[in-house]
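What TrEMBL says about this one:
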{"type": "DOMAIN", "residues": "39-74", "note": "domain 'EF-hand'"}
{"type": "BINDING", "residues": "52, 54, 56, 58, 63", "note": "Ca(2+) 1 binding site"}
{"type": "DOMAIN", "residues": "78-101", "note": "domain 'EF-hand'"}
{"type": "BINDING", "residues": "91, 93, 95, 97", "note": "Ca(2+) 2 binding site"}
């Protein structure tokens, strides 16, 4: 399954484009612009699985760095600071990775 099967190309382009500048990434705004906030929990889980490149059941810091590229190959790599902020927002149990829940 590809990201375009779940989200519109226009929303992906708008979301990735909105955060093309270094140090500009805001996960809350990104997920809103890309359309994830209006998706069903099942669709959000499908997106999670696409971003979980190593199929470990978790999205680790090294995968988060490339999260924008998970939506489109032209997405930029997040900075270490942006990656750590995103990880802190999603890592509810402090184990250094984001689980599907």
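Just so it is clear, glycine is given a Cβ too, placed from its N, Cα and C backbone atoms.
All annotation found in TrEMBL is predicted automatically rather than curated by experts.
Those residues of the chain, other than 91, 93, 95, 97, with a C-beta within 8 angstroms of the mean position of the Ca(2+) 2 site C-beta atoms are 58, 92, 94, 96, 98, 99.
The two recorded residues, residue 54 (Ca(2+) 1 binding site) and residue 95 (Ca(2+) 2 binding site), show a Cα separation of 17 Å.
Sparsest Cβ environment among the binding-site residues 52, 58, 63, 91, 97 (other Cβ atoms counted within 10 Å): 58. Using CA atoms as reference points, the binding-site residues 52, 56, 58, 63 were checked against residue 93 (Ca(2+) 2 binding site), and the closest is 58. Closest by Cα distance to residue 95 (Ca(2+) 2 binding site), from the binding-site residues 52, 56, 58, 63, is 58. Between residue 63 (Ca(2+) 1 binding site) and residue 97 (Ca(2+) 2 binding site), the C-alpha separation comes to 10 Å. All protein chains included, residue 56 (Ca(2+) 1 binding site) registers 10 other Cβ atoms within 10 Å of its own Cβ.
Every protein chain considered, the tally of other Cβ atoms within 10 Å of the Cβ of residue 93 (Ca(2+) 2 binding site) stands at 9.
The Cβ centroid of 52, 54, 56, 58, 63 marks the Ca(2+) 1 site; residues of that chain outside this set whose Cβ lies within 8 Å of it are 53, 55, 57, 59, 60, 97, given in sequence order.
Remark: secondary structure over the domain 'EF-hand' (39-74) totals 20 helix, 3 strand, 13 coil, with classes taken from DSSP. According to DSSP, the domain 'EF-hand' (78-101) comprises 11 helix, 3 strand, 10 coil.
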